[in-house]
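Enquirer: Before I ask anything, let me first share the structure, which is written out below as structure tokens.
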């Protein structure tokens, strides 16, 4: 029997977190390739440490890419423009080690097959307007507000930061926020009192729903007391190390493959986006309150080897009907996914911070709910509603 009363916690990190810096540089490279060569193949990894960026991977393209310029522009946009912050876009070294994609992989992908084997998951639920789990959505809201406040002139803040939100569920529904943790890099001269006041008033109060925050909600700001050394000086940053932040905050399962730096022929990315698209449309159609979709592929093979739909006991029609409707309504070959979601556009750098899902920007095509009516019809829900007079 599923849990009904519990606490669930998810975390988010800012764009200035070193792992997210790596993700954004990798996706900036991908976008640069797609602008010039939509058929380019990209598998780009980034590593950052004090004073330098390393870009490595396998990239096959006709595009001409200035990697050092691209890396520095990305770091500058994030906000690391002074040695006082521990990293400087203007002076950092950029090392590049890029080869072409193996022709052994290319021969399967070029004919429409999957770029690798693996399983991917998509998830949606009716806890928030974005059909995302509440804990991760609120954690992202806090980190986005941290960055917004910093850019709006709260200059005591620095780019690196994290949030963690614990939501109390009653009868299986979000009832209140139990604990909020914010750790933010800051100027050395700022007092703890001033920092705490600023984060409470200009970040937490603006980011979280007032109806869910009460007198018992615990607010923990920089619990260690000091966070001056941050960014790549404090921690090495590597592409693909924040895969739970990127997805559902642990509420939905994850197949293990990271997203950033990968062109959409890699089903790690494109099929996970399709999984979200399917799950969100299932929930939006009213077929279930929660939905998780798993798809799995073999390298070089176009059709998925399996498709699974789990609604956790919330389905309005038998799950078998939903699964059959999914196969009927959605094309699940890599080519169909790429075409259906228009994935050969340079839109990926925006995905690399604050989550790939639950976003409202129009470029996030996998967040549309334009298939909900077709799904409801295919699964027989429309007939049930008609009989019931709904």
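Even glycines carry a Cβ here, placed using N, Cα and C.
In case it's useful when we look at the structure, here is the feature table from Swiss-Prot:
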type	residues	note
BINDING	17, 160, 161, 162, 226, 227, 235, 241, 242, 258, 262	ATP binding site
BINDING	19	Mg(2+) binding site
BINDING	45	K(+) binding site
BINDING	58, 101, 235, 266	L-methionine binding site
REGION	101-111	region 'Flexible loop'
Enquirer: Using residue 226 (ATP binding site) as the reference point, find which of the binding-site residues 19, 45, 58, 101, 266 has the shortest Cα-to-Cα distance to it.
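Expert: Closest recorded candidate to residue 226 (ATP binding site) by Cα: 19.
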Enquirer: I'd like to know which of the binding-site residues 19, 45, 58, 101, 266 sit within 10 A of residue 242 (ATP binding site) at the Cα level.
Expert: 19
Enquirer: Among the binding-site residues listed here (17, 226, 242, 262), identify the one with the smallest other-Cβ count within 10 Å.
Expert: 226
Enquirer: In sequence order, which residues at least six apart in the same chain have a CB under 8 Å from the CB of residue 161 (ATP binding site)?
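Expert: Counting only residues 6 or more apart in sequence, the Cβ neighbours of residue 161 (ATP binding site) under 8 Å are 13, 14, 16, 17, 143, 146, 147, 182, 183, 184, 185, 230.
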Enquirer: Long-range same-chain neighbours of residue 101 (L-methionine binding site), Cβ under 8 Å, sequence gap at least 6?
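Expert: Those within reach of residue 101 (L-methionine binding site), by Cβ under 8 Å and sequence separation of 6 or more, are 41, 43, 58, 59, 60.
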Enquirer: Please work out which residue of 58, 266 has the most C-beta neighbours within 10 angstroms of its C-beta, and give that one of the binding-site residues.
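Expert: Going through 58, 266 one by one, the largest Cβ count within 10 Å is at 266.
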Enquirer: Quick one: pull the CA-CA distance for residue 235 (ATP binding site) versus residue 45 (K(+) binding site), whole Å only.
Expert: 17
Enquirer: Please give me the CB contact count at 10 A for residue 45 (K(+) binding site), counting all chains in the structure.
Expert: 22
Enquirer: Under a three-state reading of DSSP, tell me whether residue 242 (ATP binding site) is helix, strand or coil.
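Expert: Assignment for residue 242 (ATP binding site) reads coil.
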Enquirer: Let me know the DSSP-derived helix, strand or coil state of residue 101 (L-methionine binding site), please.
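Expert: Assignment for residue 101 (L-methionine binding site) reads coil.
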